Amino acid sequence: TDKEGHTFSVFWVLVSVVLGAIAMLCKEQGITILGLNAVFDALVINKINLLELIRKLLYKGKSLENAGLLRKGLLFRITLLMCGGAGILYIRWRIMGTGPPAFTEVDNPASFADSLFVRAINYNYYYSLNAWLLLCPWWLCFDWSMGCIPLIKSVSDWRIIALAALWFCLIGLICQALCSEDSHKRRILTLGLGFLIIPFLPASNLFFRVGFVVAERVIYLPSIGYCILFTYGFSLLSKQAKKKKILAVAVLGILLINVMRCALRSSQWRSEEQLFRSALSVCPLNAKVHYNVGKNLADKGNQSAAIKYYREAVRLNPKYVHAMNNLGNILKERNELHEAEELLSLAVQIQPDFAAAWMNLGIVQNSLRRFEEAEQSYWTAIKHRKKYPDCYYNLGRLYADLNRHIDALNAWRNATVLKPEHSLAWNNMIILLDNTGNLAQAEAVGREALELIPNDHSLMFSLANVLGKSQKYK
């Protein structure tokens, strides 16, 4: 109970903080719900006039109590929410290693621009795109990075119009929310704008760099504010409109179109192929979209089509090492070894710690019979990824080709230690020991392997050969 006798529950405020923390564990944006609670408390429960409050505090020198902030314990509740939010943020900061995650230029190119003007103008353009996706969710894409939205670098770019339209609408709504004589209108508009803007702040790049250009998930919570504003706008129009049936039909039409769009988008999310292909028409300049389409095709065995998309991904982003690695892999399998070597060599030049590319480069060099270079590539891959059983397996194959049997066995043993179910490494050990006349050792390795992988037919076959040579026919 506060000084005026108003009763409120501290317990439920604390529950709100706990639920906000749980929401943040699901997605960082969840913490903004504490700010929304404070806005709802001030505007709806306490019916505070923001403009009047600002005037009292700034110009009339009134105390917080006279300004109405202590009414019904509002200031105490807001302080509790702020302290809870600060505590949650601190814990999150410690979990993240006391620093934000590292992002690259392809994730958020505007944040890496040298000019403050270019950064500001592009951030505002991203805001306008998010606003447009709320109004008209037609351009939907699973990834908006990697050149999907080219940077605005001068005021002559026609996309500046989108910024002007956004701020014209926002300033108009803010003026109405603060200055309207109708107290109900002020509350509804302020609440709608609060629910629209506050949950979007973590994605705004204002406080820290985010790892995306546009992400549709971050406008899920702001859509609450959009719905409030849309509904209130419709109610105002319906009071003034003479032909209310036409207005009702228009709103039902908008609702029906959005339901259909939602159903279509949900069906696209049912399979990787549909999701990735749906992005081609929205973001044709996005290298990651082409990469994902190519990877999906490659996984299905359609290598010819996959090559086309991987080449396009590399053309759009000449530093896209993962696309180079996958393309090099396919070319290696098609025996186009020289082009594969060029691509993989370029990938490791761009990203020297790319272990998978080093291993694949080693495989290509081995096929080209450049054994010393292949060995060096394999060991470089292992240096950058200590636990790399596949690389040890390929290194063992190289040593076997060079008749370095002990080194081959050691490499394959390393592969099986790191990955006990590595059937190929076990099998090669058995075959090599068999071919070199070490039948007892080959049998021991075979039985050890079958204990770990009891239903592997290739291991059974190799062990059977060894047992046959040892005259253990039964």
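Any Cβ shown, glycine's included, is placed from N, Cα and C.
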Listed range which TrEMBL flags as transmembrane segment, given the options 125-146, 191-212: 191-212
Closest-packing stretch to the transmembrane segment (6-26), where packing means Cβ pairs under 8 Å, from 33-54, 191-212, 218-237, 246-264: 33-54
Recorded stretch that, among 33-54, 74-91, 191-212, 246-264, has the most CB pairs under 8 Å to the transmembrane segment (218-237): 191-212
Segment confidence, the repeat 'TPR' (389-422), expressed as mean pLDDT: 95
Same-chain residue ranges lying at least 6 outside the transmembrane segment (191-212) that approach it to Cβ under 8 Å: 28-29, 31-33, 35-36, 39-40, 43-44, 100-101, 103, 107-108, 110-111, 123, 126-127, 130, 144-145, 170, 173-174, 177, 218-219, 221-222, 224-226, 228-229, 232
Contacting positions for the transmembrane segment (33-54) when only residues 6+ beyond its ends and CB under 8 Å are counted: 16-17, 19-20, 23, 67-69, 71-72, 74, 77-78, 81-82, 84-85, 177-179, 183, 186-187, 190-191, 194-195, 198-199, 221, 224
